[in-house]
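Database features, via TrEMBL:
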type   : residues : note
DOMAIN : 16-85    : domain 'Translation initiation factor 3 N-terminal'
DOMAIN : 93-175   : domain 'Translation initiation factor 3 C-terminal'
Amino acid sequence: MNKKSKPADKGLSFKINDEVRAPELRVLDPTGKNLGVLKLAEAQRKAGEMGLDLVLVTEKATPPVAKIVSFDKFRYQKEKELKKQRQQKVLDWKRIQISPREAEHDLSFKLKRLEGFLGIGHKIEIQMTLRGREKGMKEFAKGKLTEFLGKISIPFKITSEIHPGGRGLTVQIEPSK
């Protein structure tokens, strides 16, 4: 059994000209000016007179919205918008966990990771976890966290000051622009 591969669907499917089935449409001209609510036949006639296509833009609106435009140009614009949207990065919060008793080498390794994230533009939450008796030594832990922040070589700004949260202390930073 030979399976045929489906063509790549770019998420763009529009009803044009005869595929439009709504009895009434809110019609926009090529410049975006509202021509009002027209019957389907009248909208198709106007599109034909202009030598352009009637493209259904929003089907779920009442009445549905259609635009009189060259379909090839319209599809090209939509593909460009979709491509641009896909290229935009969604920068999430990155979390770095440290401990007040952590070895110097481990801290330097986490510092390099943190600086890499800052360089890209991520926002970072640094969490110092405290266990057992360490929970009673919050000032010592706060000093260690401040010392760690002082070692960061990339310019940053603190968005949320050092505060107790969860199992220890938390601070949020982001790259300064």
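Positions of Cβ are set from backbone N, Cα and C atoms, glycine also.
Taken through DSSP, the domain 'Translation initiation factor 3 C-terminal' (93-175) splits into 35 helix, 31 strand, 17 coil. Taken together, the residues in the domain 'Translation initiation factor 3 C-terminal' (93-175) have a mean pLDDT of 92 on the 0 to 100 scale.
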